[in-house]
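Swiss-Prot annotations:
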type	residues	note
TOPO_DOM	1-6	topological domain 'Cytoplasmic'
TRANSMEM	7-27	transmembrane segment
TOPO_DOM	28-610	topological domain 'Lumenal'
COMPBIAS	86-101	compositional bias 'Polar residues'
REGION	86-170	region 'Disordered'
CARBOHYD	Asn88	N-linked glycosylation site
CARBOHYD	Asn94	N-linked glycosylation site
COMPBIAS	110-123	compositional bias 'Basic and acidic residues'
COMPBIAS	124-135	compositional bias 'Polar residues'
COMPBIAS	139-170	compositional bias 'Basic and acidic residues'
CARBOHYD	Asn196	N-linked glycosylation site
CARBOHYD	Asn338	N-linked glycosylation site
CARBOHYD	Asn401	N-linked glycosylation site
CARBOHYD	Asn475	N-linked glycosylation site
Amino acid sequence: MNQVRRWQRILILSLLLLSVLAPIVFVSNRLKSITSVDRGEFIEELSDITDKTEDELRLTAIEQDEEGLKEPKRILQDRDFNSVVLSNSSDKSNDTVQSNEGDQKNFLSEVDKGNNHKPKEEQAVSQKTTVSSNAEVKISARDIQLNHKTEFRPPSSKSEKNTRVQLERATDERVKEIRDKIIQAKAYLNLALPGNNSQIVKELRVRTKELERATGDTTKDKYLPKSSPNRLKAMEVALYKVSRAFHNCPAIATKLQAMTYKTEEQARAQKKQAAYLMQLAARTTPKGLHCLSMRLTTEYFTLDHEKRQLLQQSYNDPDLYHYVVFSDNVLASSVVVNSTISSSKEPDKIVFHVVTDSLNYPAISMWFLLNPSGRASIQILNIDEMNVLPLYHAELLMKQNSSDPRIISALNHARFYLPDIFPGLNKIVLFDHDVVVQRDLTRLWSLDMTGKVVGAVETCLEGDPSYRSMDSFINFSDAWVSQKFDPKACTWAFGMNLFDLEEWRRQELTSVYLKYFDLGVKGHLWKAGGLPVGWLTFFGQTFPLEKRWNVGGLGHESGLRASDIEQAAVIHYDGIMKPWLDIGIDKYKRYWNIHVPYHHPHLQRCNIHD
């Protein structure tokens with residue numbers, strides 16, 4: 001019994017040993033039987049697998065390193081990956097890739113030399129192995145670039161790039177072509193067709209309406225309906241038929257000239273109408289501002305008399321910084337005051353004088369009562385209650401050759417009475433109400449004006465956004481004007497001006513202003529407004545300030561650079577496109593809007609928004 005069991009164990013162990021040794025012997029014999037050609041076929045299959053999976057490996061590597069990629073680098077590579085040219089900001093990475101490519105080329109040359117002494121079958125195997133090694137070297141080069149945060153892009157031919165650029169640029173060519181055909185068709189319809197061609201005219205009208213419905217207000221080709229190409233072809237056929245119906249070319253040329261003249265006249269009329277509407281919008285008070293003024297005026301008269309006055313301050317202290325603005329606009333005067341105070345390094349030394357008329361005095365007073373300025377002092381003055389203007393001044397203003405209420409306003413010319421309005425002051429800075437202060441103006445008070453009366457930024461350089469010449473405002477054909485003044489003299493701008501009131505009083509320039517103003521009204525020697533008569537009154541009395549103190553041109557399309565605006569101490573919205581009007585220029589409005597409290601309840605109720 002024990003003998004039987006022993007034989008069973010021996011048999012089982014023998015079978016186990018045979019099952020282990022048999023595969024080893026079989027595989028070794030199989031490997032020995034593989035010929036060189038079979039080995040070449042095997043390597044070729046392996047190389048094909050490597051080539052097929054190369055792009056997949058590259059994409060997988062990019063996905064794994066995607067979070068580290070911040071900016072794509074430019075790459076130019078061949079389709080068969082025989083060469084790789086990489087644009088990288090790192091010289092070190094470039095040297096690494098180039099050295100790898102050089103080693104690779106040397107390796108390939110050595111292999112080629114060795115293959116010359118081998119049989120053809122072995123050379124085939126070597127070539128396949130070389131291609132596989134080439135692919136491996138390229139993959140290693142890509143790994144290096146991926147480590148340097150370089151993104152690989154699939155190669156694109158030159159024709160593909162040109163096509164892509166053309167598609168990006170020509171996004172409205174089809175729309176323009178359709179509109180040209182419509183214009184051409186309408187021109188033919190306006191011409192008298194010879195003979196009996198009613199069918200052609202009918203077809204042309206139908207095609208025109210079809211294209212007009214297809215295009216509508218479309219400006220891009222991608223928004224055109226799919227039927228537009230067919231309709232365009234039908235229009236071209238109709239235009240060809242119509243063109244063959246005309247034989248009298250001189251008559252057609254005459255008709256087209258008449259149509260051109262009519263179109264030009266219509267364009268000129270449209271321009272005149274647009275200019276008139278712009279001027280009308282500039283002179284009209286916006287509904288929101290009118291609502292705000294009415295609400296503030298009503299609230300002002302509901303207050304007790306003793307509560308209507310601002311706290312009395314040192315309004316006549318000559319050691320403080322005095323600023324003045326003449327305005328009938330609540331928001332405009334508020335922006336001037338707020339921007340000046342917020343930009344100042346010493347707001348407690350600022351005294352702001354806001355001069356207005358009787359109509360707007362309650363509203364402006366109520367606004368500053370509701371919105372105190374903090375440490376700065378504010379004084380609201382009514383020009384109609386001050387006995388500084390001559391009794392006949394209003395009559396002189398009405399004689400100006402202008403219907404613009406802004407020009408004939410008493411506030412516009414009250415600036416020429418500054419020494420009389422502020423008899424206790426020696427210096428003062430005058431603002432127009434369409435300015436915004438962006439820098440501290442303390443340095444102005446320490447300027448030595450060398451005996452001049454007014455400090456201003458000059459505007460006599462051609463190409464300057466605020467360029468003006470004397471002869472464009474003043475009639476130098478008059479003998480008296482040409483003898484006393486120089487037409488080539490440098491002009492200067494209002495907006496922000498520093499006045500030496502002591503020197504003004506000494507030279508009695510207010511009397512000079514009244515004399516010149518009366519002469520100008522009687523003889524029509526210059527354009528209406530305060531600027532021409534101001535140039536003549538202060539002729540030879542101007543101290544030039546640096547340009548950065550006052551940058552103008554924000555009230556019209558002047559092409560100002562953003563850097564010039566942001567570096568300016570004061571920006572001036574000279575022109576009709578004021579920032580509080582709907583016609584204001586959006587890119588310039590933002591400098592004004594930041595000083596307007598649009599969250600204020602009164603502005604919300606009057607629908608005044610940013």
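Note that the numbers count up from 1, one per residue, in the order the chain is shown.
Note: Cβ is positioned from N, Cα and C throughout, glycine not excepted.
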Using DSSP, break the topological domain 'Cytoplasmic' (1-6) down into helix, strand and coil residues and give each count. 5 helix, 0 strand, 1 coil
Using the structure shown, find which entry in Asn338, Asn401, Asn475 (the glycosylation sites) has the sparsest Cβ neighbourhood within 10 Å. Asn401
Length of the line joining the Cα atoms of Asn338 (N-linked glycosylation site) and Asn475 (N-linked glycosylation site), in Å: 40
Mean pLDDT across the topological domain 'Lumenal' (28-610) comes out at 78
Asn401 (N-linked glycosylation site) to Asn475 (N-linked glycosylation site) - Cα separation in whole Å: 14
Would you mind listing the long-range same-chain contacts of the topological domain 'Cytoplasmic' (1-6), meaning Cβ under 8 Å and 6+ residues beyond its ends? none
